[in-house]
Amino acid sequence: MNLEHNFNLPNYINHHLHHLQLNLSNLKFLNFNDNYIRNFWVCNFDSIFLSIFLGLVILISFFKISKTFTIQTPNKIQICIELIIDFINNNVKEIYHGKNKLIAPLSLTIFVWIFLMNLMDLIPIDLVPFIFQNFFETQIPIKLVPTTDVNITISMSLVVFLLIIFYSIKIKGIKGFLKDLFLQPFHNPIFFVFNFILESISLLSKPVSLGLRLFGNMYAGEMIFILISGLLPWWLQWILSVPWAIFHILIISLQSFIFMVLTIVYLSMASTKH
């Protein structure tokens, strides 16, 4: 289903790759043409709203489910959640070598939250534009997958980066943290500057690679869905979109798992004294 009577593939792709943006200077939404204007005081409202909304869904759902937990007659939802928790606990025990009660809950939150954000990619590409076009008589650019927004993925990885710095200083102390920067990998004072440059690059590359890996994989997956929708008529799209959607479920789960595991690994490295 196309958004314009005279279908144009570049315009179709461009429309689906734009965000619903809010101008913070006047608190007004930008229309599709305004999205070409680059402004520092503009935020991707769709990504922020959906990220917060899905986070609240997780909190409320887990809170309500926790009230119904029972040992005698567990329901299917409880069994599923227990399997997820056991899976994450086992990964934390195998990877994280310190003692920290925050790591397991943090890993659970990261895994479930990213999984739900990635899962939005399975919603049909044209569904929301179709609803707005036919019921509200307006065309708005909107992206339903928060993890295809580099601002979201980098923001999450920066939180992990701050935790790395925090636990490095907390466990090793300021002196130990500075030793890691200036005395690794070479202990000779001659290499202080070289060590600092090398370790700084290594430290800063962690959040960058963590955020860009998630963004790149999810963005590429969305691009394939858009190309399938744009190049094929609606009655042929299922031939490619259904197999790709099934395969994409694996990508969705895998990217959530990779982000979680790398977070545990980085925090374990930060908590280990040399």
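Any Cβ shown, glycine's included, is placed from N, Cα and C.
Note on the transmembrane segment (40-60): residues 19-25, 29-30, 109, 112-113, 116-117, 120, 142-144, 146, 149, 151-152 of its chain, located 6 or more positions outside it, place their CB under 8 angstroms from a CB of the stretch. Per Swiss-Prot, transmembrane segment is recorded for 40-60 (among others), and the stated evidence type is sequence analysis.
The list of residues near the transmembrane segment (110-130) in space but at least 6 beyond its ends in sequence, with Cβ under 8 angstroms from a Cβ of it, reads 1-3, 15-16, 50-51, 54-55, 57-58, 84, 88, 139-140, 142, 144-148, 152, 156, 214, 218, 221-222, 225-226, 229, 245, 248-249, 251-253, 255-257, 259-260, 263. Marked as transmembrane segment by Swiss-Prot: 110-130 (among others).
Sequence annotations record features per position, and here Swiss-Prot assigns transmembrane segment to 149-169 (among others).
Annotation source Swiss-Prot lists transmembrane segment at 224-244 (among others).
Here Swiss-Prot flags 245-265 (among others) as transmembrane segment. Residues 88, 91-92, 95-96, 103, 106-107, 110-112, 114-115, 118-119, 121-122, 147, 156, 160, 210, 213-214, 217-218, 221, 225 of the same chain lie 6+ residues outside the transmembrane segment (245-265) yet bring a C-beta within less than 8 angstroms of a C-beta in it.
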